[in-house]
Amino acid sequence: MGILLALLPAIAWGNILLVSVKMGGGAYSQTVGMTIGALFFATIMYVFTQPALTMTILIVGFISGLFWALGQVNQLKTVEKLGVSTTVTISTGMQLVATSIFGVIAFREWTTTTTIILGTIAILLIVVGVVFTSLDDKENAQPPGQLKKGLLTLIVSTFGYLVYVIIIRWYNIDGWSAILPQAVGMFVGAVVLTSKHKPFNKYAIRNALSGLLWGTGNLFLLLSLPRVGVATSFPLSQTGIVISTFGAIVFLGEKKTKRQLIFIALGSVLIIGGAVLLGMTKA
């Protein structure tokens, strides 16, 4: 039962970008719509769980949500440039590397020879995986400069996601307590970042569904942690990239050559393998 719970976040999160693209709209309306759904879900969860909310939790959770919005809107902007299958694998790899390196520097996570070796191998696997998934073929190449623009946008996205995760951990805030203030920050951040682009339209409403998926994944992650631990739940939650990557090719019709498909598959395996090793360093 615990393993099943730990897999559910991957299923939910792995479908977010697929659903978002299917619902239509641009990155701005998609981001706002996602936060509407997430805020609705978080409000319901707060009513049922009613965790204690101190001023620190409210402020830090809100700031965390603001940076999530920065990460999400830039990830969706990258999807418009590179497509879901390429964006999600590179984005996942960048996030894993960034959070791991920051964890070592700020929280001194890798303190033994074993964890240092495992962590180093994990990062190397993830980096190679990212390179594999971003390879182009001449017959299916990105327009000149498109990949570079996408990668630069993803760096901004990764920074947003990094602060979103790290600040909660820095202040040692429980996930249940953070849900509502984070969701409020996500919504406010999305509105501020997209206000010039008139994001409130029918596509924003449709994309509330992707926000509900995000909330569902978050819920199952919190439920699985006490049952299977971080070392198991963390890598399992990252396997959603398989759903996103190949779902985009199958259901969204993203065109890839045979060579690209092989390298995307290899890259996904390497990134997941790296995530598993990172999970072992957290054991």
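Any Cβ shown, glycine's included, is placed from N, Cα and C.
Now, the feature entries from Swiss-Prot:
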type	residues	note
TRANSMEM	4-21	transmembrane segment
TRANSMEM	26-48	transmembrane segment
TRANSMEM	52-71	transmembrane segment
TRANSMEM	84-106	transmembrane segment
TRANSMEM	110-132	transmembrane segment
TRANSMEM	151-173	transmembrane segment
TRANSMEM	178-195	transmembrane segment
TRANSMEM	208-230	transmembrane segment
TRANSMEM	234-253	transmembrane segment
TRANSMEM	260-279	transmembrane segment
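The transmembrane segment (26-48) makes contact with the transmembrane segment (208-230): 3 or more of their CB pairs lie within 8 A, with pairs spaced 6 or more apart in sequence. Within the same chain, residues 85-86, 89, 92-93, 96, 100, 118-119, 121-126, 128-133, 135-137, 140, 230-232, 234-235, 238-239, 241-242, 245, 249 sit at least 6 positions outside the transmembrane segment (260-279) and bring their C-beta atoms closer than 8 Å to a C-beta of that stretch. Across the candidate stretches 4-21, 110-132, 178-195, the maximum count of CB pairs under 8 A to the transmembrane segment (208-230) is reached by 4-21. If you count C-beta pairs under 8 angstroms between the transmembrane segment (84-106) and each of 4-21, 52-71, 151-173, 178-195, 234-253, the highest count goes to 151-173. Through the fold, the transmembrane segment (234-253) approaches residues 3, 6-7, 9-18, 21-22, 83-85, 88-89, 92, 96, 133, 217, 221, 261, 264, 268, 271-272, 275-276, 278-279, 282 of its own chain, all at least 6 residues removed from its boundaries and within a Cβ separation under 8 Å. Beyond the transmembrane segment (52-71), the same-chain residues lying 6 or more positions past its ends with a Cβ under 8 Å from any Cβ of the stretch are 31, 35, 156-165, 167-168, 171, 173, 177-190, 192-193.
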